[in-house]
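Per TrEMBL, these features apply:
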| type | residues | note |
| --- | --- | --- |
| DOMAIN | 16-142 | domain 'P5B-type ATPase N-terminal' |
| TRANSMEM | 30-49 | transmembrane segment |
| DOMAIN | 155-217 | domain 'Cation-transporting P-type ATPase N-terminal' |
| TRANSMEM | 198-218 | transmembrane segment |
| TRANSMEM | 224-247 | transmembrane segment |
| DOMAIN | 308-387 | domain 'P-type ATPase A' |
| TRANSMEM | 404-425 | transmembrane segment |
| TRANSMEM | 437-460 | transmembrane segment |
| TRANSMEM | 923-947 | transmembrane segment |
| TRANSMEM | 959-977 | transmembrane segment |
| TRANSMEM | 998-1020 | transmembrane segment |
| TRANSMEM | 1040-1058 | transmembrane segment |
| TRANSMEM | 1070-1087 | transmembrane segment |
Amino acid sequence: MDSRTQCVINPDTSAELICYGYHRSYWKSILAALSIIFSGGFMLLIFYWRPDWKLLCTHSLSVISKSTKVLLRTTDETNQIFVTSKTIRVTLKKSPSLNYFCQFFLLSINDAEIPLAHYGTDTASHNDVIYFKHHSLKYIWNNSVMTFKELGGLDKQATLAQLHQDSTTGLKHDDKDDRQNLYGQNLITVKVPPYHHLLMFEILNPFYVFQLFAVVFWMFDEYYIYAIAIFIMSFISAITSLIEVMYQYPLQTECRHRHKLFQVKHKKSIHSKSQLFQVKLFQGLIILQIVEFYLNPCIPNRSPPFTGTCIVNESMLTGESVPVTKTPLPSGENELQHLYDTDSHKRHTLFCGTEVLQTRFYRGEMVKAVVVRTGYHTAKGKLVHSILYPKPVNMQLLRDAYKFIAVLFLIAMCGFIYTVVIQTISGETAAEIALNAIDLITISVPPALPLAMTIGIIYAQLRLKKQKIHCISPQRINVSGQIDVVAFDKTGTMTEDGLDLSHIDTTEHPGVPTFHPVIDPDYLTSELDSKDEMVQCMVTCHTLTTIDGRILGDPLDLKMFEATKWQLVEPVIEEESQYDQIQMTYFRPPMVASDMSASPNGVSGGDDIGVVRQFPFASVLQRASVITRAYRAKPKEMKVYLKGAPEMVASLCLPSTVPADFHEVLKSYTQQGFRMIGMACKDLSLTWLKAQKIERSAVECDLKFLGLVALQNKLKPQSKGALLKLEKAEIRTVMVTGDNLLTALSVAHESGMIRPHEDVLLASTSDASENSPATLQWNYADNTGKSRACSRISKIDKSVSIFVTICIMTSQLVPNWHLAVSGHDFAIIQNYFPEWKEILSVKGTVFARMSPDQKTELMENLQSVDHHVCMCGDGANDCGALKRAHAGVSLSEHEASVAAPFTSHTDLGIECVPTLIREGRAALVTSFGMFKFMALYSLIQFCTITLLYNDLTNLSDVMYLYIDLIIIDLVAVTMSRNHACKYLHKKHPPYSLLSVEMLVSLMVHIILQLGAQLLVFFMIRRQCWYTTLTPAQVMTYDTSALFYFSCFLYMSASVAFSRGFPYRTPIYKNYLFIGSLLFLVAFTLFLI
């Protein structure tokens, strides 16, 4: 029996948690209850603010497997602490070691080598499972590894054979109940608290509690008008915060509910009758249940189809409204033993939240799929989860503010002691001394502090909205002002979304294969016959489909297909019989399409080509293929066409069909910035049935190389200008793309990210093997004109220090040099050369062929070297990086973009990034200025009251109101209205309130105002007309002089801290602020 009281959950990941087990301690609970009673309920507030303290005061450490509550602590820089409500014990109907559910349960938590019976507690039947919920996810206790594991769906450990079997057998009643008990309903729950709960949450904020205490105190001290005014102001501030919180819930709720308008068939067993259920019954869907789809459902779970095909709109995932064809899971003999993976099998998986546009299936059998993920584990669930539980922003400004408030409180305590001593010596009563001393403490936290800290952010958010940049995380606006590195996606972000067909380079095979003279796409139909294999490959190898009479699909496929001028023909059937059976889509050459007499009544012409089976594009395989049969061909006479990355296509072709200068021609195109597609084909002899069963690997081999297609991706008109602005501001720019490395380098040169005179080093790596270590070599890019090898280092060769290597490299290079790596090189460096990660993070400029996870990893690397990073992308491939960066900007207006803190209108292009940084800098400088102003205001008033207490007098109620409500509020609201400077300056704003620049500035002003008030205080006493009045009279000479003088000090401080250039417009352009100051000066002079 293990007696450990803590464990590590998700070790060595960004979601790592340290878990501590606790059980109720009755004697501790009694002591805690007594402390609440004797403190008048104040300890209850402390426990509300710090649930971990409450747990420590009412519970004791215990063995985790027997605990009733757990405390979780993150291991990242945020060091967050969470307390779960309770652990839950579930009793399954069947022992986990005796049925397939145990195997499934085992697979779902990704531990394939752990004995099955160890999933449960130490009960006799092993049917009990304990778990807790954290951030809507369940964590199951595992006795074998003695830790909690996240409960998920079928991930990487289920074979395709198992899924195919489950698609036919259905679920037994006990299995269904066990899954229902453990996984719960298929819901993405967004709890919207009642308004009064939200209001109480705002009111119980420590600041508002302090304000409430101050208001009650002022009422006892007979400052009625002032207390009521401050109460109203604080209440309005709390209501404003409440409205802002409530505004976020409709977006989350809409995102959650958008998948409920559909109907499906739900089979409990393969032998039971299919019944039509309404949408709410989808809450009952459970893992491995079978569902059948009709037209236009929005998928409520993640399900791979097993029969027929689906055409879906995945804009929620990718940000692009492009129809995607989903085909059944592979069923070849060798493929059945492959493990199911949502990444490698995404073309066979229907993701939650995506919309089914069209389905095709066999007569009498609808498109059938098996549920593998539900709730928050689905694609949509993860999206909603990322919104509900975002990674905390590194709020350095807020932490510094708390530290400074603590300093102010210490100063207030010094004043408290001074007041007690002075007034005790003067013979004041204990009640009077207590009131005066506590009054001095309440001055240390100004009433307008919350408004002052957020007013700059509010103004910046409004200005961003006018410029078509929307923000769902206002706290990130200040952070965006600290950005010093910006990472851009390429396609659709720096370059246009669409592609233009530029060149077609076919090959001739008379003996030795050679490239044919380049064909202009405009003359394709006249240069090549419709029976040419290159043309037929461009016609057939794609997943285009007709939706509402329009041909839709991937823009690349669409451009190539339109160049051929062929016609796509799909069966025209009534909607109610649209899902009768799979019918062949075929393509008709232009001369046949124009001659309808040759094809009466829609019957295929003699040169038509039909699609037998499609193998959609897979990013892991870097290719797509299709099996076709010509109309006049024999039944077994078929042909496969393939296209994809040129290097991959060439590797699948017979060497005798690939031109000898293939690599030189390809490099020539990619260095010019073209996106290249390779084409190939081969003949097959198959029946239609065998074509549906054949494995992809058997089709995509021993091909004949046909040629290359060059597509041009033009820069957006705003890209060069935006990059130039960032360069002048000395903000580093980085390209992170999934495209070819040489193509990315070409775009980097064209956009100005890399200047012509600057050196570029390309990484060349090899993975480790049994006989050789991993190697890393840096080579000059070919256009530098220098020797090829620059530096080489292997994993086991440590004779040359990395610092010596860098010195050698630097001595050979011009001052500005860049590193460029591919995703493969990036992975090798991460795994085998960690000492190069920092250099790559500092000098890396082009990162090509990067997967979504690698993009996120790059953001973490940049942050690890103290960079403040902005990521700008346009699709869900960038979603992880957009969330991980300090400021993520999405150029997509689709649902996936809600995960990014900022969303920009697509018309702006990357010009939105300099705009965001300008506004962020303005908001950051405004926040710094406002905090310094509020701190100095507090200290000015503190010094005034301390001096007046020396004569046992104080400011009047009306004086306090004039200072706090008229001067301070009016100045605070207007001094923050300076707009952002029109140009990005190379000087970066200070990053911390506790920086030397900020502290020196504030200390100088504190000394000056204190000296000035002391001067006035002593000068007024030297006047011949000065007389000492009784303490009961508030309007003494000292009170009047310090009050009026302090009013001018507040105004002068607001001017001093209204910093303009180079981050904001000059102060004289803030007309409201200047007008307010003139009014206050005039009115104060009038009062004098």
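Using the three backbone atoms N, Cα and C, a Cβ is placed for every residue, glycine included.
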Cβ contacts under 8 Å made by the transmembrane segment (30-49) with residues that lie 6+ beyond its boundaries: 57-58, 204, 206, 209
Intrachain neighbours beyond the transmembrane segment (998-1020), with Cβ under 8 angstroms and 6 or more residues off its ends: 928, 932, 935-936, 939-940, 943-944, 947, 990, 992, 1026, 1037-1038, 1041-1042, 1045-1046, 1049, 1053, 1056
For the domain 'Cation-transporting P-type ATPase N-terminal' (155-217), residues assigned helix / strand / coil by DSSP: 42 helix, 2 strand, 19 coil
Confidence summary for the domain 'P-type ATPase A' (308-387), mean pLDDT rounded: 74
Residues from the same chain, set at least six apart from the ends of the transmembrane segment (1070-1087), whose C-beta lies under 8 A from its own: 966-967, 970-971, 974-975, 977-978, 1044, 1047-1048, 1051, 1054-1055, 1058
Selection from 198-218, 923-947, 1040-1058, the stretch that has most Cβ pairs under 8 A to the transmembrane segment (959-977): 1040-1058
For the transmembrane segment (1040-1058), distant same-chain residues with Cβ under 8 A (at least six beyond the ends): 929-930, 932-933, 936-937, 940-941, 944, 947-948, 955, 959, 962-963, 967-968, 971, 975, 978, 1005, 1009, 1012-1013, 1016-1017, 1020, 1067, 1070, 1073, 1077, 1080-1081, 1084, 1087-1088
Tally of residues which DSSP labels helix, strand or coil - the domain 'P-type ATPase A' (308-387): 22 helix, 21 strand, 37 coil
